Amino acid sequence: MQPRVLLVAALLVLLASARALEAEDPSLLGLMQGYMQHATKTAQDTLTSVQESQVAQRARDWMTDGFSSLKDYWSTFKGKFSGFWDSASEVQPTPASDAS
């Protein structure tokens, strides 16, 4: 064979294989779109996680403040009436000795 015919045949084989690979490989635009979709989903998931974390933290703070206020209220209530409860327990008559 002549070198020119061999060179043209090799070039045609390379072009045919490149065309076949191009059909199999996604285009650069497709790769970028896939990457951007993945990045967008990751960013949305992260933002949702942070927002849920902030909501949970606010709920915990609200519950802690509520229980703290309730504890303070109970301590104040108990402090005001502890003298009354102490004097009421001292004045209780004994049922057996008073009946005789």
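Any Cβ shown, glycine's included, is placed from N, Cα and C.
Going by Swiss-Prot, these are the annotated features:
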type	residues	note
SIGNAL	1-20	signal peptide
SITE	Lys41	site 'May interact with the LDL receptor'
REGION	68-100	region 'Lipid-binding'
CARBOHYD	Thr94	O-linked glycosylation site
Query raised in the report: What is the pLDDT of the region 'Lipid-binding' (68-100) when averaged and given as a whole number?
Result: 73
Requested in this report: Could you find out if DSSP has Lys41 (site 'May interact with the LDL receptor') as helix, strand or coil?
Outcome: helix
